[in-house]
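Only one structure is covered here, and it is reproduced in the block below.
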Amino acid sequence: MNGITFTGVLSVIAVFFGTVWTVTNFYNYYPVVQSAVTTLLTGTRTREAAFVGTDDIGLEEYPEVDVLVPAYREETVIHHALRSVRSADYPHERLTLTVLLEPGDDATREAVESVAADVELDVLTVPSAYPGSPNKPRALNYGFERTDAEIVGVIDAENVVETDLFDRVARAIVGGNRDYVQGIVDMANEDDGWKNLIFRAEYGYWYRFLVPAFKRLGFPIPLSGTTCFFRRSVLEDASTRRRERKGSPWEEGDESWLTEHGFSGVTPWDPDNVTEDFELGLSLWLTDHEFGLVDSVTKEESPQTLDNWIQQRTRWQKGKIFTFVDFLRHPAGSSSDRGHLLWQSFLPHLGPLNITGLVMLVIVGSAIQFVPQFALVVGVLLLSLTFLAVGLGSFGVGYWLASTKSGGARAIRACLVVATVPFYWLLQWGADIRAFKQLYLGDLGWEKTVHRDRGRFESLQHDEETEAESLGHSVKRTLQKHVLLTPILLLALVLRLPNIGRSLWVDEVYSVTVRGSMNVYGIVTTAADPHPPLYYLFLKLWMVLFGRSEVAVRSLSLLFGIGSVGAVYLLAGELYDRRTGLIAALLTGISTFQIQYSQTARMYTMLVFFATLSLYFYVRTLRNHNLDNRFGYATATLLMLSTHVYGSFVLLAQLLHLGTRLVASTDIRAVKKWFGTQVLAGALFVPWMGLVALPNYLFGEGTEVRWLSEPGLLELRSILLAYAGVPTNYPQIKLTPFTLNVGILFGVVLLIAILWQVYLEWRTAERVRGSVLLLSLLVTIIAIPYLVSVSVFPFLETRYTIVGFVAVAIFVAKSITDVDYRPVQVIALVVIVFLFGAMLPSYYTADSAENWDRATSILEDDLDSESLVVFNPGYTSGAVDYYLGENHSADMVQYTSSQAFSRRIAEKQYDQVWVVNIHGENRGAVRRALPRTYQNHRNETVGEIRLTRFGSSATADHVNRLAEGEP
């Protein structure tokens, strides 16, 4: 046991999960890749090769078709299915519609009878004494014996079929010589929620992505429970082969009852299997019967509630486990065939298990800094991660193929699918566990999937879904709609380029050299930084792609800064109108406050971008609580909270605004529903807040924020001046009488604008009062941190309040657009733009307080192996290291105490000692700790940086005696 290490155990686990996951995905994607290669070689697309080309097949006579519709407690939706079947373009006399009911289901019977008044159909009730447990396969077997058409098909009670379905089926089976066919199934209710969206992606992934490739390569294809059609002889043959393989499903008494009542006891569908369609598809694959796919889409509704979804998915998983055990106990086909059958039956249970295993491996491995030591382990993990990415992308492709949304909306939702489908897989695993438990307890019952009539199928019967707009056309239309924003964005870019390559300052150096150099786990869990990890994760990836130069690391902030201009335009346009949005975007583009932090390798423009998007989707969600808006809000809010702690104050502003709506609104249900969306977005941030932030910053000593001082009125003035564009933010500070007066003037204008907008909107009946939301933002971004800082601990810094400028820009922009007289409106706009623009020269000409590039060049010219560089305070070492690199032979040390420094001097005789100091912090401490033989030879000042060189001519013995206190 002594030879077993934790790393070794993790390696074994990695190989196990990685291998199973790789094999699982290889089975799924090999047909896809092979089909793609075949397409390149032959020029025939997979879709063309897999689907029966029914448009080119003629019929001399339409065959008779029996359509079986099994129904149990489907009284609210079955009328849609029955009417859609009878509305199909197929000769009525050649199509028999048969509804299969269970005894005692009076509600469904009444619904069917009401439809029968104007729709031709037959009703069969499965006798209670008919053998088998009450379920769908039992009803289908009964219906099969009571009908006699050449072709038999199954349509579920909640379906809406396309008008060409039966025509395509007849052409495929009779004209195309297929023995059984399967149509496409799609979900009609993706707008009902995230789960329904992923369900649609899942069906698109299966029916439009995998199944055609499986068909082309001859892989077994489990059939769907609906839109399947068979020659009658094929179903009879399936029943015969199953009996030969595993014996009769009926006991002697059942056989006698069947014989007495004129039934043959044929069972095309396994009466004991709750996924009879899955088993039937695999069984037919073993035969010589020819299978075909028909390009006709049947719409159905995915479960609305999680409980209903779990029950449905449990039944599916239970049936697949049952099928696996069935084929294991009663083998069929060759060894290769059995391998396919068993793997297909077991495959659905491997995915969630492996994903969970790999995720836990990554979490545990990262926590203990696990690094694989063997090439095999590395290779398996890389393959696993590759297939995980492929799986995520495949679901996105599946949604793209199934969706009929416009290009932009479809792209956004495809991204949502890719980002969140692992959570869906985990839900599947929960259903899988439940299925195993039921089988272990011997529960083979059929859990009913509940469907509700939401008026959706009515529209699908009469109006086709709008054709999906291409992504290119959607982008083009969007650009044309917002064409006036383009010059504003270009102006914002131009204003953010000058001086972007200037020297980094200590905070930026910290971003690059400390947080940016950590591994992912360290970035997420470190307690040495009060800021959430998202920006540093972005920066780490950005530096991998583009390097660590000043321009490279700042260009990330530059992009978010330009994006913020567009986001402000969207928010102001959503709150008011497009003209207000353009003016607000212009003010954001020319604000020196926004420009400075677009040129700073810190997270502030990322905060502005995500916070503004969070506010934008907040407003949209209040007006329309649809899936797109909820997803946009939850995503933007989570990213905002993960960028900076002040993101929580933006969320607080939304809650404050929601509170005002709660007081003024009688629609409590809508407010509660929206509040649930907010809670969900915030809940995703709780793990980091609970595990990292609170223990260190609220309940700990708070050493990471001790550099902040208690604010006074000057701090509030600084914030106002920053909003006015005055360069008042370190390290670019230039406060002159002119800039101060302009800032005060702007403050007066801003106060008037806020009061005016609040007055105008307070008594309006607007659903969303923009001024209340913007005022809430200013209160929570400035006033609340100020109160916290003076009463609890310092928490206010001017640059942290940068999001408040969004409210300022929109307030001013709306005040301008409210002016009715156009000449006055233009003059007001020109004056405001002039005031903002007048600050630009002051900002561009302001000297940086920290020019570490220049300071380091002074050091570099004078360092050798006999030099010591002392950093006091110690955090300045990162900036010198960044610019000095490895091109020196000097020793370097951070000053901690006089005793430690004296011991260091005693260890080696240095010809010179350079002291790096900033802000005069603890200046003189190093000089007092140096032996008296060291004299000040040189002083250099670069902004706030002070460099002092001390030289010595003493011998080593003399230095040692001095260190020991001897003269």
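Including glycine, each Cβ sits where the backbone N, Cα and C put it.
Curation plays no part in TrEMBL annotations; they are all automatic predictions.
Among the features that TrEMBL reports, transmembrane segment is placed at 346-368 (among others).
Annotation source TrEMBL lists transmembrane segment at 375-402 (among others).
The feature transmembrane segment is assigned by TrEMBL to 408-427 (among others).
The domain 'Glycosyltransferase RgtA/B/C/D-like' feature in TrEMBL is assigned to 531-688.
Distant neighbours of the transmembrane segment (551-572): 482, 485, 488-489, 492-493, 496, 500-501, 504, 508, 511-512, 516, 538-539, 542-543, 580-585, 588-589, 594-595, 597-602, 604-606, 608-609, 612-613, 615-616, 619, 806, 809-810, 813-814; these residues of the same chain sit at least 6 beyond its ends, with a Cβ under 8 Å from one of its Cβ atoms. The transmembrane segment annotation in TrEMBL covers 551-572 (among others).
Residues or ranges marked as transmembrane segment in TrEMBL: 579-597 (among others). Cβ atoms under 8 Å from those of the transmembrane segment (579-597) belong to residues 484-485, 488-489, 491-492, 495-496, 557, 561, 564-566, 568-573, 604-605, 608, 722-723, 725-727, 729, 732, 799, 802, 805-806, 809-810, 812-814, 816-817, 829, 832-833, 836-837, 839-840, 842-843 of the same chain, restricted to positions at least 6 beyond its ends.
TrEMBL lists 603-619 (among others) with the feature transmembrane segment.
Annotation source TrEMBL lists transmembrane segment at 631-655 (among others). Beyond its flanks by at least six residues, the transmembrane segment (631-655) meets 194, 412-413, 416, 419, 530-535, 603-604, 606-607, 610-611, 613-618, 620-621, 677-678, 680-682, 684-685, 688, 693, 773, 776-777, 779-781, 784-785, 800-801, 803 of its own chain at Cβ-Cβ distances under 8 Å.
According to TrEMBL, the feature transmembrane segment maps to 675-695 (among others).
A Cβ distance under 8 Å defines the sequence-distant neighbours of the transmembrane segment (738-760), meaning residues of its chain 6+ beyond its ends; these are 720-721, 723-727, 770-772, 774-775, 778, 808, 811-812, 814-815, 818, 832, 835, 838-839, 842. Taken from TrEMBL, the feature transmembrane segment applies to 738-760 (among others).
Annotated transmembrane segment per TrEMBL: 772-793 (among others), in sequence order. Listed by sequence, the residues of this chain that lie at least six past the ends of the transmembrane segment (772-793) yet keep a Cβ under 8 A from its Cβ atoms are 575, 615, 618-619, 646, 649-650, 652-654, 656-657, 660, 702, 705, 708, 710-711, 715-716, 719, 754, 757-758, 761-762, 800-801, 803-804, 806-808, 810-811.
Residues annotated as transmembrane segment in TrEMBL: 799-817 (among others).
Look at TrEMBL and you will find 824-844 (among others) tagged as transmembrane segment.
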Contacting positions for the transmembrane segment (603-619) when only residues 6+ beyond its ends and CB under 8 Å are counted: 531, 534-536, 538, 556-558, 560-561, 563-564, 567-568, 570-571, 574-575, 594, 597, 629, 632-633, 636-637, 639-640, 643-644, 646-647, 650-651, 654, 768, 773, 777, 799, 802-803, 805-806
Whole-number mean of pLDDT values that fall within the domain 'Glycosyltransferase RgtA/B/C/D-like' (531-688): 86
